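Note sheet for the following structure.
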Amino acid sequence: MAAAGGAALWRRLAAWLPRGPPGLAALLGRLSDRLSRGRDRRSRRSSWLLLAPLLTPPVPVITAMPCSLCPEGAHRFQWIRNLVPEFGISSSHVKVLSSPAEFYELLKVQIKTAKQRVVMASLYLGTGLLEQELVNCLEETLEKSLQANESPNLRVSILLDYTRGSRGRKNSRTMLIPLLQRFPEQVRVSLFHTPNLRGLLKLLIPERFNETIGLQHIKVYLFDDNVILSGANLSDLYFTNRQDRYVLLQDSPEIADFFTELVDAIGDVSLQLQQDDTVQMMEGMVHPYQGDKVRYCEIANQRVMEVIDSARTRQELLHAKTFHSSQQGSSMLPQHDSEASEGLKPEPDTWIYPLIQMKPFGIQIDEMVTETLLTEAERDAKIYLTTGYFNLTQAYMDLILGTRAEYRILLASPEVNGFFGAKGVAGAIPSAYVYIEHQFYNEVCCLHQQERVQLQEYSRAGWTFHAKGLWLYLAGSSLPCLTLIGSPNFGYRSVHRDLEAQVAIVTENKALQQQLHQEQEQLYLCSGVVSSSTFEQPSRHVKLWVKLVTPLIKNFF
């Protein structure tokens, strides 16, 4: 029965590749034949078979979210609140940052002034002097809290990826152990390990490449009631010359509570770093790679969805009498009445929607919302979409090519790709991205869509590029009313493998729209439009082996 089920799965996967590489389809077909013949497992212990389930994305089950968009204004996006909590705030609480240095200085200031909580989620913490300075700031703030109170209030929770945070002799873990040893009651360090990296696969894949199977990729930096959403990691490059995006949400306790609970939920299903550099799971928790995978993913899904659903319920109740009075459609209170009534805050002009994507746990909210935004974008609307690694899912590519809005897609030129100049196989990764970019550009040209869909490459001497997200300009508007900002980069890994989180910021405030517009312009100013001549440059030559391998490995990056 197991062999028959496996064969059926492989045949479905192979059938799902109408436009995929024939070599991959053939590989899946051969694997299905081998499964159906029921050969002894020992004769099939090849690394290719172990990797086979990862060579193609799972059969997609998501369709565009049905929605009824309001005809005018930012409120047309209120359908998102059917999926996630909606946080209404004043635009004066939102600040868009522009540079790595500004991001780094803000992190230090926020750590030093934190009184109640510091919550940081990142892929990893670097090991250089700048990162050590951050750790020192944490230590000083914890020490002050300890001296000020017999029962100190400050709690520090750090969530990192296990594989990336454990790489090398000096790593994220060794950077943080002194904090655990000095403040064991106040500091928690959680290391997420993907449930997909287990068994022989875990033994066979080298340390440098095991992160390709799946990661904790969320980047949230939270201090009391202030929240920074970004795509930047806690590493010196992201503090100096690696361009990313960053937004600060100030004095936003409800949003801070949500992301605290989200990080806690992921932390609860993660390995806990101990003072002696060992790790262990919380008592009673299923192990991510030694325990039952299905049960582990079920528990993780329940924990995360509890956070989302409870926050959504709280927000509906909290704002019932201000700007969404009831599900029956009763009118909202006038602003002067709501301000006068029991000291309520004025009606918000900006709405924050947290979008979570954790495909290993069956959570695909960000994917649903992104696909719906692309689907519903009207004719003459403009979408500026940026990604440091251009490897869009087939669904996103089809929507871009098949819908009506204008697209300006910003991506990294090979020279500002984070893998440019890397040793070994990793050094060929920029060429793989060039190959993917060229294929997409050819599709655009074949459909005669060059005017509607334009690619632009970011290029800046001495810098690398890691910005991701989008800005949506409604038809006839010169300013964006919506942006997506956070960790997802619209690629296969982001959608299918990693844990991701971003926010949709919807605003009616012209000053905030101007901030977002200036952010977009500043990034795009460092770019040039891609044309057919771009791929004729010597630096864009892609070796044959890269062209052959890229279709097989594109689901890993």
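Yeah, the Cβs are placed from backbone N, Cα and C, and that goes for glycine too.
According to Swiss-Prot, the protein carries these features:
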ACT_SITE  His217  active site
ACT_SITE  Lys219  active site
ACT_SITE  Asp224  active site
BINDING   Ala121, Ser122, Leu123, Tyr124, Leu125, Gly126, Thr127, Gly128  ATP binding site
COMPBIAS  323-333  compositional bias 'Polar residues'
COMPBIAS  336-346  compositional bias 'Basic and acidic residues'
DOMAIN    212-238  domain 'PLD phosphodiesterase 1'
REGION    322-346  region 'Disordered'
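Structural mapping of features recorded in Swiss-Prot.
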residue	record	CB count, 10 Å
Ala121	ATP binding site	27
Ser122	ATP binding site	26
Leu123	ATP binding site	25
Tyr124	ATP binding site	25
Leu125	ATP binding site	24
Gly126	ATP binding site	20
Gly128	ATP binding site	13
His217	active site	27
Lys219	active site	24
Asp224	active site	17
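Proximity to Lys219 (active site), defined by a C-alpha to C-alpha distance within 10 angstroms, is shown by the following binding-site residues from Leu123, Leu125, Gly126, Thr127: Leu123. When pLDDT is averaged over the domain 'PLD phosphodiesterase 1' (212-238), the result is 98. Comparing CA positions across the recorded positions Leu123, Gly126, Thr127, Asp224, the one lying closest to His217 (active site) turns out to be Leu123. In terms of DSSP secondary structure, the domain 'PLD phosphodiesterase 1' (212-238) contains 5 helix, 11 strand, 11 coil. Around Thr127 (ATP binding site), the C-beta neighbours below 8 angstroms that are at least 6 residues distant in the chain are Gly168, Lys170, Asn171, Ser172, Thr174, Met175. When the Cα of Asp224 (active site) is compared against those of the binding-site residues Ser122, Leu123, Gly126, Gly128, the shortest separation belongs to Ser122. Under DSSP, Gly126 (ATP binding site) is assigned to coil, being neither helix nor strand in the three-state scheme.
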